[in-house]
Amino acid sequence: MVVNSSKDPQNKGMTPRKEIDQEMVSWAKKNLKNTPGNENYEKMVSGVPYNPYDPDLMFRALATSEKVREFNTIASESRTFESNHAAYIKKVEILKDTFGQTKDIVWLTAPFSVDFGFNISVGEHFYANFNVCFLDSAPIIFGDEVIVGPNTTFVTATHPISPEKRARRIVYALPIKVGNNVWIGANVTVLPGVTIGDGSTIAAGAVVREDVPPRTVVGGVPARILKHIPEEDPDEAEGEELEFLLPVEMNVNTANQKV
């Protein structure tokens, strides 16, 4: 899916759309669960100014905050593998109930925070470390095999730079898309409308405000391309590959077999 970031080529900033993005609305209805079915939601995911204080949105945000609070406070009842695994499974159930779309294997290290949850889509083997924040007024779409470092923030909601327009409480949101096999380092901020290409790496501390090409390393404030990543011949790769499982993938039989 190609995400329309609604970027202004003149100032490399963001501008709100004036019309509903039917492609995005159709994608959201088809792929995301528990989304509002009203016009305000269609504006929100389209980059059109919307009402963030819509009663339905506020109710859903409150319900999501309760789920996230439960996730962040679940603890193992005892120091046994079975008890730990039960806690992992419960957390994954909460994640799958909170996010709009998930694959089988998804894991976040508590705590994390999110606005709504229903606008988040994560691929297979998604992992995020401590204190990741998802401001998902517009969709945040992750591919497979994505790793997110601690204290990283994904921001889709934004405001006009004009103080007069901000005084009128104008707010709109632009989607973020992260491709497959992407590593996002610690303390990164990804801004509205950004697409991060497959196989790329975002260096720690970067502020990403423009699209990232596939197989590149970007870093800095604002982020810029530091290097291009050449394709590697699997037969010539150096070092021994270490195979391991995420906690939710493990069971009693695999616990002592995998590192």
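Keep in mind that glycine also has a Cβ here, set from the backbone N, Cα and C atoms.
For 1-20, the entry in Swiss-Prot reads region 'Disordered'.
Of all Cβ atoms in the shown protein chains, 18 besides its own fall within 10 Å of the Cβ of Asn129 (site 'Transition state stabilizer'). Look at Swiss-Prot and you will find Asn129 tagged as site 'Transition state stabilizer', backed by similarity to another entry.
Marked as acetyl-CoA binding site by Swiss-Prot on the basis of similarity to another entry: Asn129, Ala186, Ala204, Arg209, Glu210, Arg224, Lys227.
Positions annotated as active site, proton donor/acceptor by Swiss-Prot: His159. In the three-state DSSP reading, His159 (active site, proton donor/acceptor) counts as coil. Sequence-distant neighbours of His159 (active site, proton donor/acceptor) (same chain, 6+ apart, CB under 8 A from its CB) are Lys165, Arg166, Ile170, Val171.
Neighbour counts were taken at the CB atom with a 10 A radius for the binding-site residues Arg209, Arg224, Lys227; the maximum falls on Arg209. Of all the binding-site residues given, namely Ala186, Ala204, Arg209, Lys227, those whose Cα is no farther than the 10 Å limit from the Cα of Asn129 (site 'Transition state stabilizer') are Ala186. Annotation for Ala204 (acetyl-CoA binding site): same-chain Cβ neighbours under 8 Å, separated by at least 6 residues, are Gly149, Gly185, Ala186, Asn187, Val188, Gly219. Residue density at Glu210 (acetyl-CoA binding site): 17 other Cβ atoms are found within 10 A of its Cβ, drawing on all protein chains shown.
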